[in-house]
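Undergrad: Have a look at this one.
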Amino acid sequence: MISIKDLYGVLSAVVPLYVTMFLAYASVKWWNVFSPDQCAGINRFVAIFAIPLLSFEVISRINPYKMDFLFIAADGVSKVLILIILFSWAKFSKRGSLDWTITLFSISTLPNTLVMGIPLLKSMYGDDKEYLIIQAVVLQCIIWYTLLLFLFEYREARIFILNKFKDSSVSNSERSGENFGGIQEMIGRNCGGTGAGEDEVVDVVVRTPSNPQTTQNVNKVAPDSRSCLKPTPAGGAAQEDGKEVHLFIWRCGCCSSQGVCGQSVQVCRREEEIKVQGKTGEDEKPNFLKDQNMDSSTSSAMLKQIMKRVWFKLVRNPNSYASVLGLAWALASCRWDIKKPQILENSVTILSNAGLGMAMFSLGLFMALQSRIIACGNRLAAYGMLVRFLAGPAVMAVASVAVGLRGTVLRVSIVQAALPQGIVPFVFSREYNLHPEMLSTAVIFGMIVALPITILYYVLLGL
């Protein structure tokens, strides 16, 4: 049972964090010590230096050869289940999105086990269960924070690449003329730089000319699509407004000079696409299938660019190295009883000890920059609390029972899932500017209501 001494131990770990957060809030809201740019710089320091060193310090102190694999399996299965649910929701629901998938994953699966979990669960279930909470902290640092960073970087790269393709499409549309004389000049520019013997497709969009006879004449020279080579996309697809003509220019191997030959041009109207599909024979591929092929090829190229950019960003992120180096040191030190040199130990500790304090300081700065304390609104705050304290523990209970956890270890796994929102996900959300107001509210009010909620779980599970 929790004694007054145990309760004091929990409060002594939590109250200093609120003191730090209040000082940061007052320094911006009332004292005007920091500007918004300086606040962003402080958060970047926490994300790039303090958090990686804190992760390295925590991971390097464990014994990887004495892990409770059933507890680890329950934790992993619960988080994978939530990921599957969230990605399915994002894929098949109109309200779903990658942004909210990342945010809801952070809220539902990444509790504050380091600050509140260790003292609270130690007082509830004894010193011999402290190692389970430490294992949960280590798993967060090694696997789930790394996965969270990957999702953040994937989102950033996806937005960047899509905007790049969109800008390219817009510039191509702007360069197209309002008559077909301008198109012939563009064809020469696009095809002139390509070597002989290569096939190329250019999608040029122009408005319907004022003289209908011009369109009719151009349509007459369009060759049969069966004689055209299968195209590959040369740019992003342009948007259709019902008054545009799309020219798909195939530059075949015989076009060695600037411009294209008459057998390389096909002109089609989007508004006549259905009619063309109805007239298509068995040996002729419909236009909409060509568009699908082009979309598929373009999507594949975009995905390669996105993953390349994600890999480049993750390689440069210190958080990626902190987990790997910490685990490598833990394996080596426990295997051969190697101690860290005192200089290295002090160099890491001096910044890692500031990790949580600086994270709460950054949280206070963010609160002060908002118009109100509940920055995300009452409705989203209520949803966040439900996800944090009901959905997360419920999925954890199902996963724990499924893998075979029973007794005290089962209760520990459920109660640790009901701990308040972790601070590190907020730091990442602010760094990547993805719903930081939601995460800040979850951290602030989660730590306020966490003590009575975890005690309630402790009592109900002990019945």
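Heads up, the Cβ atoms here are built off N, Cα and C, so glycines get one too.
Keep in mind that TrEMBL annotations are predicted by a computer and have not been checked by a curator.
TrEMBL feature annotations, pasted as is:
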- 212-238: region 'Disordered' (REGION)
- 7-28: transmembrane segment (TRANSMEM)
- 69-90: transmembrane segment (TRANSMEM)
- 133-152: transmembrane segment (TRANSMEM)
- 318-338: transmembrane segment (TRANSMEM)
- 350-369: transmembrane segment (TRANSMEM)
- 381-403: transmembrane segment (TRANSMEM)
- 440-460: transmembrane segment (TRANSMEM)
Undergrad: Look over the recorded stretches 133-152, 318-338, 381-403, 440-460 and say which has the most C-beta pairs under 8 A to the transmembrane segment (69-90).
TA: 381-403
Undergrad: Given the transmembrane segment (350-369), which of the listed stretches 7-28, 133-152, 318-338 has the most Cβ pairs that are under 8 Å apart from it?
TA: 7-28
Undergrad: Can you say which of 133-152, 318-338, 381-403, 440-460 has the most Cβ pairs under 8 Å with the transmembrane segment (7-28)?
TA: 440-460
Undergrad: Ranking 133-152, 318-338, 381-403 by Cβ pairs under 8 Å to the transmembrane segment (440-460), which is first?
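TA: Result: 381-403.
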